[in-house]
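First the structure, in the form of structure tokens, and then the observations on it.
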Amino acid sequence: LRGGRGAQPQPAVPVPVPQVGTNLTDLRLPRKVTVRELGGCMGPIWPSYYGECSALLFVVDASNPSQVSSSCIQLLSVLSAAPLASVPVLVLFNKIDLPCYMSLVEMKSLFRMQDIVSCATQPITMLETSARDGTGLAEVLQWLQSALKEPC
């Protein structure tokens with residue numbers, strides 16, 4: 001029911017739904033690249049995919065301060081996995097389109113990213129994004145293309 005008596009008001013911003021399960025998406029960068037999306041709740045099975053990983057995009061909900069500590073623990077676990085020791089990592093602080101998002105400076109501070117980067121064996125890059133409105137996605141594609149370049 002829209003606008004009629006007893007109709008529920010529609011939220012101005014759709015309520016985000018966490019990724020559950022796995023999705024595969026093919027990109028052309030210019031060669032074909034398959035992106036496997038694994039939801040955070042699937043953390044226990046992530047290691048079974050590390051062997052086939054050439055680059056890692058780690059997405060953090062920058063609008064959800066209650067998840068910062070668990071996201072940081074998951075990131076540290078991923079970075080310490082032997083099969084990923086030299087895999088380039090892009091940490092995406094997503095949902096910057098929401099009014100309650102934490103800035104890149106705040107997220108870096110909460111995650112202690114300076115310490116993480118200095119101790120990590122792999123190169124780590126950080127970006128702010130909004131999957132909803134597309135902010136930062138061009139930079140993500142550029143990073144992926146650069147990270148997946150064939151060695152000479």
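Yeah, the Cβs are placed from backbone N, Cα and C, and that goes for glycine too.
What TrEMBL annotates here:
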- Gly40, Asn94, Lys95, Ile96, Asp97: GTP binding site (BINDING)
Any same-chain residues 6+ apart from Ile96 (GTP binding site) with CB under 8 Å of its CB? Would you list them in sequence order, or say none? Ala62, Ser63, Glu128, Thr129, Ser130, Thr135, Gly136
Return the count of C-beta atoms lying within 10 angstroms of the C-beta of Lys95 (GTP binding site), excluding that atom itself. 21
For Asn94 (GTP binding site), the number of other Cβ atoms found within 10 Å of its own Cβ: 22
Among all protein chains shown, how many Cβ atoms are found within 10 Å of the Cβ of Gly40 (GTP binding site), not counting that one? 17
As a test of the contact definition, list every same-chain residue at least 6 positions from Asp97 (GTP binding site) whose Cβ is closer than 8 Å to its Cβ. Ser130, Arg132, Asp133, Thr135
Largest CA-to-CA spread of GTP binders Gly40, Asn94, Lys95, Ile96, Asp97, angstrom: 21
